Amino acid sequence: MPFWGLQKQLGIDVDSFLLRQSMPQPHGQASVCHAFEREWVECGHGLGQTRARRECQLEYEDFMECMNRTKL
C-alpha cells in the first residue's frame, strides 16, 4: 500500500477500467448490472484467481447475462 495516493494527487485513475459498472456514473445513479458485478467481486475477493473462477462461476454468469442481455 502506498504512503500517498499518487493517482488522486495527479487526478488520474489508471485501474478504473477493471470494474465497468462500479465507476462513478454521470447522474450518480447505479447502473443496471451494478448489483451483479458487486456480487461477483465480493465472491472472488481474497480467493485468488484460480479458485475464484471455480467458486464464483454462477455470479460471473449472472453478470455476463446482464451485460449481454442474453436471457431477457
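Quick reminder: no glycine exception, Cβ is built from N, Cα and C everywhere.
Quantities reported herein were computed from a predicted structural model and do not represent experimental measurements.
Features as listed in TrEMBL:
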type     : residues    : note
DISULFID : Cys33-Cys66 : disulfide bond
DISULFID : Cys43-Cys56 : disulfide bond
Of Cys33, Cys43, Cys56, Cys66 (the disulfide-bonded residues), the residue whose Cβ has the fewest other Cβ atoms within 10 Å: Cys43
Give the distance between the Cα atoms of Cys33 (disulfide bond) and Cys43 (disulfide bond), rounded to the nearest whole Å. 16
Rounded distance in angstrom between the Cα atoms of Cys56 (disulfide bond) and Cys66 (disulfide bond): 16
